[in-house]
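Student: If you scroll down you'll find the structure; I have some questions about it.
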Amino acid sequence: MNFINELDFARQLDQKDPLRSFRDRFYIPQRNGQPLRYFCGNSLGLQPKAVRAALDHELSVWQNLAVEGWFDEDEVVRNKPWLTIHERSKPALAHIVGALETEVCAMNNLTVNMHLLLTSFYRPVGKRTRILTIGGDFPSDMYAFETHIRARSLNPDDVLIEVYPRPGHETWQMADLLRSIAQHADSLALVLFSGVHYYTGQVFDMAAVAQAAHDAGALVGFDLAHGVGNVVLQLHHWQVDFAYWCSYKYLNAGPGGVSGIFVHERHHASAAMLPRLAGWWGYDQSQRFAMTKGFVPMPGADGWQVSTPTVLAMAVHDTAVQITAEAGMPALRQKSELLTGYLYFLLGDIIRIITPEDPNLRGCQLSLLIPEQGKTIFDQLTQAGIIGDWREPDCVRLAPAPLYTSFEDVWEVGNTLRRLLARS
Ligand SMILES: *Cc1c(COP(=O)(O)O)cnc(C)c1O
(Lines of atoms letter the chains of each structure in order from A; the text may use other names.)
(Lines give C-alpha, C1' and ligand atoms only; values in the text may rest on other atoms or scores of the structure.)
Protein backbone atom coordinates (compact mmCIF):
# COMPACT_ATOMS: atom_id res chain seq x y z
CA MET A 1 0.00 0.00 0.00
CA ASN A 2 1.13 3.55 -0.71
CA PHE A 3 0.76 5.32 2.60
CA ILE A 4 0.17 9.06 2.92
CA ASN A 5 1.03 11.16 5.96
CA GLU A 6 -2.35 12.81 6.32
CA LEU A 7 -5.03 12.59 8.95
CA ASP A 8 -7.73 12.10 6.30
CA PHE A 9 -5.83 9.18 4.85
CA ALA A 10 -5.60 7.57 8.31
CA ARG A 11 -9.33 8.10 8.83
CA GLN A 12 -10.08 6.47 5.49
CA LEU A 13 -8.07 3.44 6.54
CA ASP A 14 -10.15 3.28 9.72
CA GLN A 15 -13.37 3.45 7.70
CA LYS A 16 -12.22 0.63 5.44
CA ASP A 17 -11.00 -1.49 8.36
CA PRO A 18 -13.13 -4.67 8.54
CA LEU A 19 -12.23 -5.05 12.24
CA ARG A 20 -13.06 -1.48 13.26
CA SER A 21 -16.07 -2.46 15.40
CA PHE A 22 -13.81 -4.40 17.77
CA ARG A 23 -12.47 -1.16 19.22
CA ASP A 24 -15.91 -0.51 20.75
CA ARG A 25 -15.63 -3.70 22.73
CA PHE A 26 -12.81 -2.24 24.84
CA TYR A 27 -12.58 0.59 27.33
CA ILE A 28 -10.17 3.14 25.91
CA PRO A 29 -8.61 4.92 28.92
CA GLN A 30 -9.38 8.61 29.08
CA ARG A 31 -7.75 11.72 30.42
CA ASN A 32 -9.75 14.94 30.82
CA GLY A 33 -12.57 13.36 28.87
CA GLN A 34 -10.32 12.56 25.88
CA PRO A 35 -9.41 9.02 24.87
CA LEU A 36 -5.70 8.29 25.23
CA ARG A 37 -3.74 6.91 22.29
CA TYR A 38 -2.88 3.51 23.69
CA PHE A 39 0.27 1.80 22.39
CA CYS A 40 1.02 -0.38 25.40
CA GLY A 41 -0.84 -3.60 24.62
CA ASN A 42 2.55 -5.32 24.66
CA SER A 43 2.57 -4.74 28.41
CA LEU A 44 -1.09 -4.68 29.46
CA GLY A 45 -3.94 -5.06 27.01
CA LEU A 46 -7.05 -2.93 27.47
CA GLN A 47 -10.11 -4.06 29.38
CA PRO A 48 -12.80 -5.73 27.27
CA LYS A 49 -16.19 -4.33 28.26
CA ALA A 50 -17.61 -7.85 28.51
CA VAL A 51 -15.41 -8.95 31.41
CA ARG A 52 -17.41 -7.17 34.08
CA ALA A 53 -20.52 -9.18 33.27
CA ALA A 54 -18.48 -12.39 33.15
CA LEU A 55 -17.02 -11.65 36.58
CA ASP A 56 -20.39 -10.67 37.91
CA HIS A 57 -21.79 -13.91 36.65
CA GLU A 58 -19.24 -16.03 38.51
CA LEU A 59 -19.82 -13.94 41.61
CA SER A 60 -23.51 -14.76 41.47
CA VAL A 61 -22.78 -18.47 40.94
CA TRP A 62 -20.61 -18.28 44.04
CA GLN A 63 -23.32 -16.35 45.84
CA ASN A 64 -26.17 -18.66 44.90
CA LEU A 65 -24.62 -22.08 44.42
CA ALA A 66 -21.50 -21.76 46.56
CA VAL A 67 -19.69 -25.11 46.54
CA GLU A 68 -22.21 -26.56 44.10
CA GLY A 69 -20.75 -24.18 41.53
CA TRP A 70 -17.97 -26.71 41.03
CA PHE A 71 -20.38 -29.39 39.84
CA ASP A 72 -23.66 -27.83 38.73
CA GLU A 73 -24.12 -26.44 35.30
CA ASP A 74 -25.68 -23.08 35.98
CA GLU A 75 -29.06 -22.78 34.42
CA VAL A 76 -28.92 -19.24 33.13
CA VAL A 77 -25.87 -19.27 30.89
CA ARG A 78 -25.33 -23.02 30.67
CA ASN A 79 -21.67 -22.50 31.33
CA LYS A 80 -19.74 -25.55 32.24
CA PRO A 81 -19.38 -25.98 35.99
CA TRP A 82 -16.18 -24.69 37.53
CA LEU A 83 -14.83 -28.25 37.63
CA THR A 84 -14.32 -28.07 33.89
CA ILE A 85 -13.75 -24.33 33.59
CA HIS A 86 -10.41 -25.02 31.88
CA GLU A 87 -12.36 -26.35 28.90
CA ARG A 88 -14.15 -23.07 28.18
CA SER A 89 -11.20 -21.35 26.51
CA LYS A 90 -9.90 -24.35 24.58
CA PRO A 91 -11.51 -23.59 21.19
CA ALA A 92 -10.26 -19.99 21.30
CA LEU A 93 -6.75 -20.88 22.47
CA ALA A 94 -6.47 -23.69 19.92
CA HIS A 95 -7.29 -21.20 17.16
CA ILE A 96 -4.95 -18.52 18.49
CA VAL A 97 -1.85 -20.73 18.78
CA GLY A 98 -2.65 -23.16 15.95
CA ALA A 99 -3.17 -26.27 18.04
CA LEU A 100 -5.57 -29.09 18.79
CA GLU A 101 -7.84 -28.46 21.75
CA THR A 102 -6.19 -31.31 23.64
CA GLU A 103 -2.81 -29.58 23.21
CA VAL A 104 -3.73 -26.38 25.07
CA CYS A 105 -4.84 -25.51 28.57
CA ALA A 106 -5.22 -22.27 30.54
CA MET A 107 -3.55 -22.43 33.95
CA ASN A 108 -1.25 -20.67 36.42
CA ASN A 109 1.01 -17.82 35.35
CA LEU A 110 3.72 -17.70 32.74
CA THR A 111 6.92 -18.23 34.72
CA VAL A 112 5.27 -20.93 36.81
CA ASN A 113 4.32 -22.75 33.61
CA MET A 114 7.83 -22.34 32.26
CA HIS A 115 9.16 -24.18 35.32
CA LEU A 116 6.52 -26.90 35.03
CA LEU A 117 7.31 -27.49 31.37
CA LEU A 118 11.07 -27.36 31.91
CA THR A 119 10.59 -30.09 34.49
CA SER A 120 9.01 -32.29 31.84
CA PHE A 121 10.92 -31.30 28.70
CA TYR A 122 14.39 -30.39 29.88
CA ARG A 123 15.81 -33.86 30.31
CA PRO A 124 19.61 -33.76 30.43
CA VAL A 125 21.08 -37.20 29.76
CA GLY A 126 24.78 -38.08 29.46
CA LYS A 127 26.51 -35.52 27.23
CA ARG A 128 23.19 -34.07 26.12
CA THR A 129 22.67 -31.51 28.87
CA ARG A 130 22.66 -28.12 27.21
CA ILE A 131 19.94 -25.56 26.58
CA LEU A 132 20.25 -23.12 23.68
CA THR A 133 18.52 -19.79 24.07
CA ILE A 134 18.96 -16.18 22.94
CA GLY A 135 21.12 -13.79 24.94
CA GLY A 136 19.15 -10.91 26.41
CA ASP A 137 15.76 -12.54 26.65
CA PHE A 138 13.21 -11.41 29.25
CA PRO A 139 14.69 -11.49 32.78
CA SER A 140 12.08 -13.82 34.28
CA ASP A 141 12.98 -16.46 31.71
CA MET A 142 16.67 -16.01 32.54
CA TYR A 143 16.01 -16.48 36.27
CA ALA A 144 13.90 -19.53 35.52
CA PHE A 145 16.72 -21.07 33.43
CA GLU A 146 19.38 -20.25 35.98
CA THR A 147 17.54 -21.61 39.00
CA HIS A 148 16.00 -24.54 37.18
CA ILE A 149 19.40 -25.69 35.95
CA ARG A 150 20.86 -25.35 39.46
CA ALA A 151 17.95 -27.35 40.84
CA ARG A 152 19.17 -30.20 38.59
CA SER A 153 22.63 -29.87 40.19
CA LEU A 154 24.05 -28.48 36.95
CA ASN A 155 25.90 -25.22 36.38
CA PRO A 156 24.19 -22.62 34.16
CA ASP A 157 27.63 -21.44 32.93
CA ASP A 158 28.26 -24.91 31.48
CA VAL A 159 24.78 -25.69 30.34
CA LEU A 160 23.22 -22.52 28.95
CA ILE A 161 24.21 -21.43 25.44
CA GLU A 162 23.13 -17.85 24.76
CA VAL A 163 23.19 -16.70 21.15
CA TYR A 164 23.53 -12.93 20.82
CA PRO A 165 23.02 -10.72 17.77
CA ARG A 166 26.20 -10.00 15.78
CA PRO A 167 28.34 -7.17 17.17
CA GLY A 168 26.80 -3.82 16.26
CA HIS A 169 23.38 -5.40 15.61
CA GLU A 170 20.27 -5.40 17.77
CA THR A 171 18.46 -8.26 16.08
CA TRP A 172 19.38 -11.82 15.23
CA GLN A 173 20.18 -13.43 11.90
CA MET A 174 18.19 -16.64 11.62
CA ALA A 175 21.20 -18.27 9.98
CA ASP A 176 23.28 -17.65 13.13
CA LEU A 177 20.69 -19.30 15.34
CA LEU A 178 20.29 -22.29 13.06
CA ARG A 179 24.07 -22.68 12.77
CA SER A 180 24.49 -22.58 16.55
CA ILE A 181 21.85 -25.24 16.99
CA ALA A 182 23.60 -27.49 14.45
CA GLN A 183 27.04 -26.84 15.99
CA HIS A 184 25.88 -28.01 19.40
CA ALA A 185 23.96 -31.00 18.07
CA ASP A 186 25.91 -33.46 20.25
CA SER A 187 25.24 -31.71 23.51
CA LEU A 188 21.82 -30.07 23.10
CA ALA A 189 18.89 -31.24 25.20
CA LEU A 190 16.60 -28.30 24.55
CA VAL A 191 16.15 -25.17 22.44
CA LEU A 192 13.94 -22.61 24.17
CA PHE A 193 13.46 -18.88 23.72
CA SER A 194 10.86 -16.23 22.97
CA GLY A 195 9.14 -16.62 19.61
CA VAL A 196 8.76 -12.84 19.53
CA HIS A 197 11.44 -10.86 21.35
CA TYR A 198 10.06 -8.49 23.98
CA TYR A 199 12.64 -5.73 23.48
CA THR A 200 13.22 -5.58 19.72
CA GLY A 201 9.87 -6.97 18.60
CA GLN A 202 11.70 -9.37 16.28
CA VAL A 203 9.76 -12.49 15.26
CA PHE A 204 11.79 -15.66 14.84
CA ASP A 205 11.09 -18.31 12.26
CA MET A 206 9.74 -20.80 14.76
CA ALA A 207 9.15 -23.52 12.18
CA ALA A 208 12.81 -23.37 11.13
CA VAL A 209 14.03 -23.37 14.74
CA ALA A 210 11.83 -26.38 15.53
CA GLN A 211 13.16 -28.24 12.50
CA ALA A 212 16.78 -27.43 13.36
CA ALA A 213 16.31 -28.44 17.00
CA HIS A 214 14.78 -31.76 16.04
CA ASP A 215 17.51 -32.38 13.45
CA ALA A 216 19.98 -31.83 16.29
CA GLY A 217 18.17 -34.40 18.43
CA ALA A 218 16.86 -31.79 20.89
CA LEU A 219 13.39 -30.77 21.99
CA VAL A 220 12.09 -27.28 21.27
CA GLY A 221 9.85 -24.87 23.17
CA PHE A 222 8.81 -21.23 22.84
CA ASP A 223 7.87 -18.47 25.24
CA LEU A 224 4.98 -16.77 23.47
CA ALA A 225 4.35 -13.87 25.86
CA HIS A 226 4.78 -11.45 22.95
CA GLY A 227 3.69 -13.86 20.23
CA VAL A 228 0.23 -14.92 21.32
CA GLY A 229 -2.54 -12.77 19.83
CA ASN A 230 0.14 -10.87 17.91
CA VAL A 231 1.35 -13.14 15.12
CA VAL A 232 -0.14 -16.18 13.41
CA LEU A 233 1.09 -19.30 15.16
CA GLN A 234 0.95 -22.89 13.93
CA LEU A 235 2.43 -24.70 16.91
CA HIS A 236 1.00 -28.11 16.02
CA HIS A 237 2.02 -27.96 12.40
CA TRP A 238 5.48 -26.56 13.22
CA GLN A 239 6.04 -29.57 15.48
CA VAL A 240 6.90 -27.41 18.47
CA ASP A 241 7.17 -29.65 21.54
CA PHE A 242 5.79 -27.20 24.08
CA ALA A 243 5.03 -23.51 24.61
CA TYR A 244 3.59 -21.15 27.20
CA TRP A 245 2.34 -17.57 27.21
CA CYS A 246 0.63 -14.96 29.32
CA SER A 247 -2.78 -13.54 28.59
CA TYR A 248 -2.46 -9.99 29.88
CA LYS A 249 -0.53 -8.56 26.91
CA TYR A 250 -2.14 -9.05 23.49
CA LEU A 251 -4.94 -11.27 24.82
CA ASN A 252 -6.32 -8.55 27.14
CA ALA A 253 -7.14 -10.89 30.04
CA GLY A 254 -6.24 -8.41 32.77
CA PRO A 255 -3.23 -7.70 34.98
CA GLY A 256 -1.60 -11.00 35.96
CA GLY A 257 -4.25 -12.89 33.96
CA VAL A 258 -4.13 -16.67 33.54
CA SER A 259 -1.35 -18.15 31.43
CA GLY A 260 -1.69 -20.94 28.90
CA ILE A 261 0.38 -23.91 27.81
CA PHE A 262 0.78 -26.01 24.68
CA VAL A 263 2.07 -29.58 24.69
CA HIS A 264 2.30 -31.26 21.29
CA GLU A 265 0.09 -34.29 20.77
CA ARG A 266 3.19 -36.37 20.09
CA HIS A 267 3.96 -36.29 23.84
CA HIS A 268 0.49 -37.20 25.01
CA ALA A 269 0.74 -40.98 24.80
CA SER A 270 3.88 -41.05 26.95
CA ALA A 271 2.74 -38.22 29.22
CA ALA A 272 2.31 -40.44 32.26
CA MET A 273 6.00 -41.37 32.04
CA LEU A 274 7.30 -37.80 31.84
CA PRO A 275 8.90 -36.23 34.89
CA ARG A 276 6.64 -33.53 36.24
CA LEU A 277 5.62 -31.53 39.26
CA ALA A 278 2.07 -32.71 39.74
CA GLY A 279 -0.94 -31.68 41.75
CA TRP A 280 -4.47 -32.96 42.14
CA TRP A 281 -5.90 -30.67 39.48
CA GLY A 282 -3.92 -32.50 36.82
CA TYR A 283 -5.18 -35.84 38.06
CA ASP A 284 -7.54 -37.93 35.93
CA GLN A 285 -10.75 -35.98 36.32
CA SER A 286 -13.06 -38.96 36.71
CA GLN A 287 -11.00 -40.29 39.63
CA ARG A 288 -9.79 -37.04 41.18
CA PHE A 289 -12.12 -37.16 44.14
CA ALA A 290 -11.26 -40.76 44.95
CA MET A 291 -8.17 -39.11 46.46
CA THR A 292 -5.98 -42.16 46.01
CA LYS A 293 -2.19 -42.36 45.86
CA GLY A 294 -0.30 -42.72 42.56
CA PHE A 295 -0.54 -39.81 40.12
CA VAL A 296 -2.53 -40.50 36.96
CA PRO A 297 -2.49 -37.43 34.66
CA MET A 298 -5.43 -36.13 32.70
CA PRO A 299 -4.84 -36.64 28.97
CA GLY A 300 -3.04 -33.94 27.01
CA ALA A 301 -2.06 -30.48 28.22
CA ASP A 302 -4.67 -30.63 31.00
CA GLY A 303 -2.48 -33.04 32.94
CA TRP A 304 -0.03 -30.23 33.69
CA GLN A 305 -2.58 -28.43 35.83
CA VAL A 306 -1.51 -28.39 39.44
CA SER A 307 -3.92 -26.42 41.58
CA THR A 308 -7.55 -25.46 41.74
CA PRO A 309 -8.08 -22.88 38.98
CA THR A 310 -8.61 -19.23 39.93
CA VAL A 311 -12.21 -19.08 38.75
CA LEU A 312 -12.58 -15.29 38.71
CA ALA A 313 -9.38 -14.82 36.68
CA MET A 314 -10.43 -17.66 34.38
CA ALA A 315 -13.77 -15.94 33.75
CA VAL A 316 -11.96 -12.80 32.61
CA HIS A 317 -9.50 -14.83 30.55
CA ASP A 318 -12.17 -16.87 28.77
CA THR A 319 -14.14 -13.78 27.85
CA ALA A 320 -11.06 -11.94 26.60
CA VAL A 321 -9.55 -14.71 24.45
CA GLN A 322 -12.94 -15.22 22.85
CA ILE A 323 -12.68 -11.72 21.33
CA THR A 324 -9.33 -12.46 19.68
CA ALA A 325 -10.67 -15.76 18.35
CA GLU A 326 -13.78 -14.06 17.03
CA ALA A 327 -11.75 -11.49 15.11
CA GLY A 328 -9.62 -14.41 13.90
CA MET A 329 -5.84 -14.42 13.80
CA PRO A 330 -5.47 -14.15 10.01
CA ALA A 331 -7.67 -11.01 9.87
CA LEU A 332 -6.03 -9.50 12.95
CA ARG A 333 -2.61 -10.08 11.50
CA GLN A 334 -3.62 -8.58 8.16
CA LYS A 335 -4.73 -5.40 9.91
CA SER A 336 -1.68 -5.45 12.16
CA GLU A 337 0.72 -5.52 9.21
CA LEU A 338 -0.98 -2.48 7.76
CA LEU A 339 -1.23 -0.63 11.08
CA THR A 340 2.40 -1.16 12.06
CA GLY A 341 3.47 -0.69 8.44
CA TYR A 342 1.86 2.74 8.61
CA LEU A 343 3.70 3.55 11.86
CA TYR A 344 6.96 2.46 10.22
CA PHE A 345 6.19 4.69 7.25
CA LEU A 346 5.55 7.68 9.52
CA LEU A 347 8.64 7.23 11.69
CA GLY A 348 11.19 5.34 9.62
CA ASP A 349 12.90 8.43 8.20
CA ILE A 350 13.13 10.39 11.47
CA ILE A 351 13.91 7.81 14.15
CA ARG A 352 16.09 4.75 14.42
CA ILE A 353 13.80 1.72 14.61
CA ILE A 354 15.50 -1.48 15.73
CA THR A 355 12.53 -3.70 14.91
CA PRO A 356 12.98 -5.27 11.46
CA GLU A 357 11.05 -3.53 8.71
CA ASP A 358 10.11 -6.80 6.99
CA PRO A 359 6.60 -7.71 8.28
CA ASN A 360 7.63 -11.38 8.38
CA LEU A 361 10.25 -10.51 10.97
CA ARG A 362 8.11 -8.45 13.31
CA GLY A 363 4.77 -8.38 15.09
CA CYS A 364 2.84 -5.22 15.88
CA GLN A 365 5.47 -3.60 18.14
CA LEU A 366 8.11 -1.15 16.98
CA SER A 367 11.08 -0.38 19.23
CA LEU A 368 12.50 3.10 18.71
CA LEU A 369 15.99 4.08 19.83
CA ILE A 370 16.17 7.70 20.92
CA PRO A 371 19.60 8.34 22.39
CA GLU A 372 20.14 11.13 24.93
CA GLN A 373 16.75 12.88 24.97
CA GLY A 374 14.79 9.60 24.81
CA LYS A 375 13.29 9.80 28.29
CA THR A 376 12.31 13.46 27.82
CA ILE A 377 10.60 12.68 24.54
CA PHE A 378 8.87 9.72 26.11
CA ASP A 379 7.57 11.90 28.97
CA GLN A 380 6.36 14.49 26.48
CA LEU A 381 4.54 11.76 24.54
CA THR A 382 2.80 10.72 27.75
CA GLN A 383 1.82 14.34 28.43
CA ALA A 384 0.40 14.50 24.92
CA GLY A 385 -1.88 11.56 25.77
CA ILE A 386 0.14 8.87 24.01
CA ILE A 387 0.83 5.80 26.11
CA GLY A 388 3.83 3.72 25.07
CA ASP A 389 6.48 2.18 27.25
CA TRP A 390 9.99 3.07 28.20
CA ARG A 391 12.97 0.71 28.46
CA GLU A 392 16.25 1.99 29.84
CA PRO A 393 18.50 3.37 28.53
CA ASP A 394 17.03 4.74 25.29
CA CYS A 395 14.16 2.66 23.96
CA VAL A 396 10.52 3.60 23.42
CA ARG A 397 8.29 0.69 22.53
CA LEU A 398 5.06 1.38 20.66
CA ALA A 399 2.65 -1.45 20.00
CA PRO A 400 -0.45 -0.69 17.92
CA ALA A 401 -2.71 -3.59 18.92
CA PRO A 402 -5.01 -4.31 15.98
CA LEU A 403 -8.06 -5.10 18.14
CA TYR A 404 -8.41 -1.55 19.45
CA THR A 405 -5.74 0.78 18.03
CA SER A 406 -6.88 2.93 15.13
CA PHE A 407 -5.00 4.25 12.11
CA GLU A 408 -5.82 7.69 13.45
CA ASP A 409 -4.01 6.80 16.71
CA VAL A 410 -1.01 5.76 14.63
CA TRP A 411 -1.10 8.97 12.60
CA GLU A 412 -1.29 10.98 15.82
CA VAL A 413 1.73 9.32 17.42
CA GLY A 414 3.71 9.68 14.21
CA ASN A 415 3.04 13.38 14.00
CA THR A 416 3.47 14.11 17.68
CA LEU A 417 6.88 12.42 17.58
CA ARG A 418 7.81 14.35 14.47
CA ARG A 419 6.94 17.60 16.23
CA LEU A 420 8.75 16.69 19.46
CA LEU A 421 11.91 15.62 17.64
CA ALA A 422 11.97 18.74 15.49
CA ARG A 423 11.77 20.84 18.67
CA SER A 424 14.43 19.02 20.68
C1 LIG B 1 5.77 -10.59 30.03
C2 LIG B 1 6.78 -11.67 30.01
C3 LIG B 1 6.97 -12.51 31.14
C4 LIG B 1 6.23 -12.29 32.41
O5 LIG B 1 6.13 -13.47 33.18
P6 LIG B 1 5.02 -13.62 34.31
O7 LIG B 1 5.30 -14.94 34.91
O8 LIG B 1 3.68 -13.50 33.65
O9 LIG B 1 5.21 -12.50 35.29
C10 LIG B 1 7.91 -13.52 31.03
N11 LIG B 1 8.62 -13.71 29.89
C12 LIG B 1 8.45 -12.93 28.81
C13 LIG B 1 9.26 -13.18 27.57
C14 LIG B 1 7.55 -11.87 28.84
O15 LIG B 1 7.40 -11.08 27.77
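Every residue number used here counts from 1 along the chain in the order it is shown.
Cβ atoms here come from the backbone N, Cα and C positions, even for glycine.
Annotations in TrEMBL come from automatic prediction, not curation.
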Student: Name the residue, out of Thr171, Thr308, Thr310, Thr319, that TrEMBL lists for the same pyridoxal 5'-phosphate site as Leu110, Thr111, Phe138, Pro139, Ser140, Asp141, Asp223, His226, Tyr248, Trp280, please.
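Tutor: Answer, per TrEMBL (pyridoxal 5'-phosphate site with Leu110, Thr111, Phe138, Pro139, Ser140, Asp141, Asp223, His226, Tyr248, Trp280), from Thr171, Thr308, Thr310, Thr319: Thr308.
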Student: Within 10 Å of the Cβ of Ser140 (pyridoxal 5'-phosphate binding site), how many other Cβ atoms can you find? Include all protein chains, please.
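Tutor: Cβ-Cβ neighbours of Ser140 (pyridoxal 5'-phosphate binding site) within 10 Å number 14.
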Student: Under 6 Å from ligand 1 by Cβ, which binding-site residues from Phe138, Ser140, Tyr248, Thr308?
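Tutor: If the test is a Cβ under 6 Å from any atom of ligand 1, the answer is Phe138, Ser140.
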Student: Sorted by position, what residues of the same chain at least six away from Lys249 (N6-(pyridoxal phosphate)lysine) have a C-beta under 8 A from it?
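Tutor: Non-local contacts for Lys249 (N6-(pyridoxal phosphate)lysine): Gly41, Asn42, Ser43, Leu44, Gly45, Ala225, His226, Val228, Gly229, Asn230.
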Student: Out of Leu110, Phe138, Asp223, Thr308, which of the binding-site residues is least crowded by other Cβ atoms within 10 Å?
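Tutor: The binding-site residues Leu110, Phe138, Asp223, Thr308 were compared, and Thr308 has the fewest Cβ atoms within 10 Å.
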Student: Around the C-beta of Tyr248 (pyridoxal 5'-phosphate binding site), how many further C-beta atoms are within 10 angstroms, looking at every protein chain?
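Tutor: A count of 23.
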